[in-house]
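Here is what TrEMBL says about this protein:
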DOMAIN    25-472  domain 'Major facilitator superfamily (MFS) profile'
TRANSMEM  20-38  transmembrane segment
TRANSMEM  79-101  transmembrane segment
TRANSMEM  113-133  transmembrane segment
TRANSMEM  139-156  transmembrane segment
TRANSMEM  168-186  transmembrane segment
TRANSMEM  198-220  transmembrane segment
TRANSMEM  281-305  transmembrane segment
TRANSMEM  317-339  transmembrane segment
TRANSMEM  346-367  transmembrane segment
TRANSMEM  379-406  transmembrane segment
TRANSMEM  418-442  transmembrane segment
TRANSMEM  448-468  transmembrane segment
Amino acid sequence: MAVVVSSSGNAPAFKAKMTVYVFVCVVIAVFGGLIFGYDIGISGGVTAMDDFLKKFFPSVWERKQHVHENNYCKYDNQFLQLFTSSLYLAALVASFLASAVCSKLGRKPTMQFASIFFLIGVGLTAGAVNIVMLIIGRILLGFGVGFGNQAVPLFLSEIAPAQLRGGLNIVFQLMVTIGIFIANLVNYFTATVHPNGWRIALGGAAIPAVILLFGSLIICETPTSLIERNKNEEGKEALRKIRGVDDINEEYESIVSACEIASQVKDPYRKLLKPASRPPFIIGMLLQLFQQFTGINAIMFYAPVLFQTVGFGSDAALLSAVITGVINVLSTFVGIYLVDRTGRRFLLLQSSVHMLICQLIIGIILAKDLGTTGTLGKPQALVVVIFVCVYVMGFAWSWGPLGWLIPSETFPLETRTAGFAVAVSCNMFFTFVIAQAFLSMLCGMRSGIFFFFSAWIIVMGLFAMFFIPETKGVPIDEMRERVWKPHWFWKRYMLAEDDHQDVEKRT
Ligand code: BGC
């Protein structure tokens with residue numbers, strides 16, 4: 001499967017306009033990101049709603065009623081966590097399937113499959129009468145996420161005019177944050193609707209899913225996808241349509257030759273295991289581990305629950321989640337602005353220090369002032385919310401978008417989609433781990449959980465410092481020469497590969 005992503009700097013300047021058609025396609029496709037964000041944000045609010053708990057998790061609800069019960073453990077229930085996490089496990093499996101569908105059938109049908117999975121999943125979760133329906137619904141939503149997250153970023157990269165490609169990549173993350181924010185708002189308003197507020201909240205995902213379904217009927221297939229499936233004439237036509245100019249021959253030829261090179265690699269997954277693939281492969285996987293072990297989703301999934309833990313009433317807790325949602329959206333714009341100016345490394349390093357300080361302050365306040373029972377004093381609770389917000393800011397302009405951007409720009413063409421599929425599924429795996437384990441960890445480690453995430457932030461900061469090279473402005477197909485070969489550590493794999501090729505040539 002070939003993805004032609006432009007190089008910045010000395011990229012060939014193909015003629016292209018930002019056509020209305022491309023704009024419409026982008027607007028429709030990013031609804032995939034919005035649904036993903038909505039699903040991330042909605043579960044925390046729903047699992048904090050009494051009507052929902054009484055119906056599906058009566059034991060958790062019982063426990064919540066006992067005011068003297070342990071603060072940190074009132075939500076600890078494996079089934080409750082499974083409600084949140086099953087989606088990510090399903091998405092992990094689905095992303096491999098999606099990568100095959102994406103290359104065999106195209107990006108457009110993959111998005112259509114995603115929207116159908118989403119719609120059935122929404123129907124089952126919002127209409128659930130028992131826990132089995134609820135979990136099956138979440139699994140189908142997970143399939144939607146797996147298909148959507150594989151197809152949408154590739155689709156965006158392939159239809160965008162080259163000079164807008166980097167910014168458009170982060171628009172996907174922006175839509176994820178907007179989805180989370182809308183979900184937080186919906187949670188806030190539906191929490192007061194009894195007894196079916198949770199059904200409205202879960203059912204809300206149907207709106208973007210319907211938009212994606214009908215929208216994906218009018219969007220185009222990408223030229224790359226058509227050409228790699230030997231539909232060259234259709235590909236040329238599609239290219240002319242999305243570029244809005246007649247003279248598309250040069251770009252067309254470049255896609256054809258990229259597809260030819262990529263088609264010579266019969267098994268991109270095997271190629272990923274070769275030494276020369278190691279730097280982007282290892283970095284791509286570790287970025288996902290680190291992104292999730294910043295602890296961000298402990299906040300995104302469980303913000304309302306977390307805020308209730310430190311002593312907010314349910315309303316105030318939901319409102320605080322809305323505030324973190326707004327901050328997440330706004331700070332992503334900072335990322336879009338800075339990523340090609342200050343570079344990736346600066347953002348990763350700055351935010352590691354920034355997030356570390358926040359986690360430590362939150363941990364210290366909780367350790368000092370929140371016992372197993374009782375609540376935090378008003379001033380301390382406020383300080384906790386403020387530092388949660390400052391922490392979210394740091395994540396939103398660094399490890400959030402860069403966790404997706406770096407794997408999409410560091411693999412060579414022949415392993416790009418396979419490498420990206422592995423990165424997506426690693427992300428889903430570690431998201432699953434956090435979703436499944438966080439409430440139990442909160443119960444077992446109490447405020448120590450924040451020190452646990454702090455330790456991870458130190459590790460990832462050091463990793464970024466020594467092992468993540470700057471890729472700002474480096475043409476995407478020159479990573480090997482300009483980034484990996486001169487790198488103090490990664491160069492050993494490049495040299496090994498060169499030796500290997502020499503030997504192959506000689507024999
Ligand atoms: C992460 C999600 C996270 C979101 C928060 C994304 O980059 O992959 O797991 O919930 O950012 O904005």
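Note: Cβ is positioned from N, Cα and C throughout, glycine not excepted.
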* To do: Count, for each of 20-38, 79-101, 139-156, 317-339, the Cβ pairs lying under 8 Å from the transmembrane segment (418-442), and report the range with the highest count.
  => 79-101
* Quick one: find which recorded stretch in 79-101, 198-220, 281-305, 317-339 has the most Cβ pairs under 8 Å with the transmembrane segment (113-133). => 198-220
* Near the transmembrane segment (198-220), which same-chain residues lie under 8 Å Cβ to Cβ, leaving out any that are not at least 6 residues past its ends? -> 21, 24-25, 27-29, 31-32, 34-35, 38-39, 42, 45-46, 49, 51-52, 108, 111-112, 114-116, 118-119, 121-123, 125-127, 141, 144, 148, 159, 179, 182-183, 186-187, 190, 238, 241-242
* Asked: Would the transmembrane segment (448-468) count as touching the transmembrane segment (346-367), i.e. at least 3 C-beta pairs under 8 angstroms with sequence separation of 6+?
  -> yes
* Structure fact -> On average, residues of the domain 'Major facilitator superfamily (MFS) profile' (25-472) score a pLDDT of 89
* **Leading stretch by Cβ pairs under 8 Å, where the reference is the transmembrane segment (168-186) and the options are 79-101, 139-156, 317-339, 379-406** => 317-339
* Report, as numbers and ranges, every residue of the chain located at least six residues beyond the transmembrane segment (448-468) whose Cβ falls under 8 Å of a Cβ in that stretch; write 'none' if there are none. => 283, 286, 290, 293-295, 298, 344-345, 348-349, 352-353, 355-356, 359-360, 362-363, 366-367, 399, 406, 438, 441-442, 489-490
* Asked: Any chance the transmembrane segment (281-305) and the transmembrane segment (379-406) are in contact, meaning at least three CB pairs closer than 8 A with a sequence separation of 6+?
  -> yes
* Apart from its near flanks, which chain residues at least 6 from the ends of the transmembrane segment (79-101) lie with a Cβ under 8 angstroms of it? -> 1, 39, 43-44, 47, 56-57, 60, 109-110, 113-114, 131, 134-135, 138-143, 145-147, 149-151, 301, 417-418, 420-421, 424-425, 428-429, 431-432, 435-440
